[in-house]
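Asker: Following this message is one structure expressed as structure tokens.
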Amino acid sequence: MRRIVLSAVFVLRLAAAVDRGRLLRAVGLMTVGYLATPVIALGLREFTEAALARRLEVATWVIGGVAVLLVLELMLGHFAHLSYFEVGELAETTLNEELVRHVNGSRGLERLDDPAFADNVNLVREELGNTRTAVESVLQLGGLALQTALTTVVLVTLDPRLALLPLAALPSVLVGRWAQNLLESAKEASAENTRRTRHLLALATAPASIKEIRLFHAEAALLREQDANWSRTSAVLRRAHLRAATLRAAGQLVFALAYGGAITLVLWQAEQGRAGVGDVILVITLAVQVSVQVAGAATLLTGLQGVGRTLDRLTSLRDHGSREQGSREHEAGERGSRKRGHATPSRTSPVPGAVPAVLREGIRLENLSFVYPGTGKVILEDLNLTIPAGGSVALVGENGAGKSTLVKLLCGLYQPTSGRILVDGTDLRDLPAGEWQARVASLFQDFARFELLLRENVGVGDVARMEDEQAVLRAVELARAGRIVASVPGGLSGLLGHGYGQGTELSMGQWQTLGLARSQMREDPLLLVLDEPAAALDAAAEHAIFERYANLSADTGRRSGGITLFVSHRFSTVRMADMIVVLDRGRVAESGDHRALVTRRGLYAELYELQERIYH
Ligand SMILES: Nc1ncnc2c1ncn2[C@@H]1O[C@H](COP(=O)(O)OP(=O)(O)OP(=O)(O)O)[C@@H](O)[C@H]1O
């Protein structure tokens with residue numbers, strides 16, 4: 001019960017914060033509407049008594065009043081709906097924003113690798129829509145409580161024993177909550193399975209995977225797997241639903257018995273001459289109203305209990321963030337005090353450094369090791385490397401060597417498990433993450449396909465200049481994406497993707513080229529990261545792009561000391577870099593420029609010669 005009350009208070013506070021005026025209007029209209037119901041029952045009794053006594057004028061006035069109240073009851077409900085619906089939408093939007101903040105509000109991406117966090121995010125995303133009706137539910141519950149109180153008072157004036165009727169409704173409400181708890185626990189227990197089932201369904205229906213599924217004739221296998229998953233999920237849910245239905249039926253049986261008892265009581269009193277026909281009608285009407293009120297309250301409470309769970313999950317996402325923040329500050333404190341030679345690290349507050357305007361020394365990796373959270377596998381092990389300011393660096397190595405992982409660490413999307421990344425001598429963890437990332441430009445291997453206007457797709461690389469057509473055109477030019485712009489109806493204002501609307505679908509290489517343009521929006525980045533930026537491009541296009549980038553990075557390097565780091569498997573491209581780093585199973589196997597590495601006759605020379613032989 002405590003959770004429901006807390007949820008109701010939270011929902012009301014949220015509604016008042018988003019639009020107090022509309023909330024008050026809805027409360028006023030609903031109160032009048034709800035009070036009308038028991039008054040209508042009283043009116044019906046008066047009408048019956050007056051009609052039986054042939055007091056026709058009174059009967060006419062009373063029935064007129066009842067009609068007006070009925071109209072008011074219905075109409076005010078509609079007008080109240082207008083107000084609370086809008087408040088509900090605003091409240092849901094606020095919670096949506098909070099969810100986005102929790103998912104994106106961390107310094108890195110670690111939290112998204114935590115299965116419990118991912119399950120919570122998934123459940124909240126699915127259930128957040130229900131919170132839209134939470135404002136309505138809370139107001140309706142308030143209205144029903146008022147109505148039930150008034151109905152009870154009227155019943156008690158007829159016979160105090162009739163007060164038991166609303167009380168008999170309590171078991172059904174209580175077991176209803178118990179039943180809902182069972183359902184929620186079952187949902188949580190099967191959350192991972194549900195996620196997998198949805199993923200399998202998406203695989204079998206999404207355009208990105210459908211080609212392979214079709215050609216491999218994998219639909220049947222996917223469906224079998226999905227069926228097996230779904231059977232496991234539905235077995236858990238079916239058991240919970242069965243137990244919940246039994247509990248609810250038992251609760252309603254108690255009320256049904258009380259309902260029968262109340263009507264028998266008033267009929268017996270009428271037979272004894274202690275109650276009139278009007279009283280019988282009043283009790284029958286009120287008993288029906290109580291049953292409607294109870295059923296309504298039980299449904300609303302169940303819904304509100306679900307909302308309570310969603311809010312709890314949101315709180316746990318928030319707590320997750322606070323814990324991360326706490327441990328980050330603790331770590332930063334320890335680092336700070338180590339630097340100053342203090343023995344009590346936890347009392348010192350972290351002193352964040354500032355991101356340099358111009359990179360002078362470069363980036364240094366010091367004994368850097370990394371393990372993805374929740375896994376035991378060491379991906380990067382004890383890397384020691386200096387990347388000088390103003391240079392271009394190529395990262396090479398076989399699949400799974402850890403290249404993209406290192407890129408993500410350099411972007412500040414993950415924190416080293418041990419060791420440090422130093423930017424001009426300052427630990428990257430001591431730099432404000434947002435400020436560092438504002439000086440990083442990137443194109444990831446799994447680049448995003450923003451189905452937006454072409455201008456937005458590129459401009460999002462520097463949100464502040466998203467609407468700056470000249471800046472977007474410059475980025476398009478740097479990425480040699482002019483032909484794509486010319487081919488899209490509407491040019492920069494053309495819609496991309498066929499996910500919705502009349503957008504133009506692009507080829508993978510075209511999407512990637514736009515990604516490249518996006519990475520060019522930031523002027524003078526301190527780190528430009530291109531993770532296989534040309535994987536979907538032909539060899540000539542890739543070569544041209546890298547030649548261009550080698551020149552550009554020299555320019556940027558001169559201006560801001562910025563480093564251009566790229567990952568590529570094409571050695572004809574790689575050789576252009578000032579420095580080549582060969583990663584082998586998470587370790588730096590060798591580093592140096594092309595000439596030095598070829599002379600060294602190590603792993604790089606071997607791989608380079610292999611590609612030369614194959615392609616020439
Ligand atoms: N989010 C993650 N959680 C757990 N493990 C991960 C995650 N991302 C990558 N890995 C693991 O880290 C290892 C290195 O992956 P990474 O993507 O860094 O390799 P790579 O050198 O870029 O490979 P490729 O050339 O194929 O792109 C792989 O074994 C991969 O399974």
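Each Cβ is built from the backbone N, Cα and C atoms, and glycine gets one as well.
Pasting the feature list from TrEMBL:
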DOMAIN    26-306  domain 'ABC transmembrane type-1'
TRANSMEM  27-44  transmembrane segment
TRANSMEM  56-80  transmembrane segment
TRANSMEM  247-268  transmembrane segment
REGION    315-353  region 'Disordered'
COMPBIAS  315-336  compositional bias 'Basic and acidic residues'
DOMAIN    363-610  domain 'ABC transporter'
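Mind running through what each feature is packed against?
Answerer: Packing against the transmembrane segment (27-44) from elsewhere in the chain are residues 62-63, 65-66, 69-70, 72-73, 76-77, 79-80, 83-84, 139-140, 142-144, 146-147, 150-151, 154, 278, 281-282, 285-286, 289: each is 6 or more residues past its ends and has a CB under 8 Å from a CB in it.
Within the chain carrying the transmembrane segment (56-80), a Cβ under 8 angstroms from the stretch's Cβ atoms is held by residues 25-26, 29-30, 32-33, 36-37, 39-40, 43-44, 46-47, 50, 139, all 6 or more beyond its ends.
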Asker: Please work out the mean pLDDT for the residues of the domain 'ABC transporter' (363-610).
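Answerer: Value for the domain 'ABC transporter' (363-610), mean pLDDT as a whole number: 87.
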Asker: For the transmembrane segment (247-268), give me same-chain residues lying six or more residues beyond its boundaries with a C-beta closer than 8 angstroms to one of its C-beta atoms, as numbers and ranges.
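Answerer: For the transmembrane segment (247-268), the nonlocal Cβ contacts are 155, 158-159, 161-162, 164-165, 167-169, 171-176, 178-179, 182, 275, 279-280, 283-284, 287, 290-291, 294, 298.
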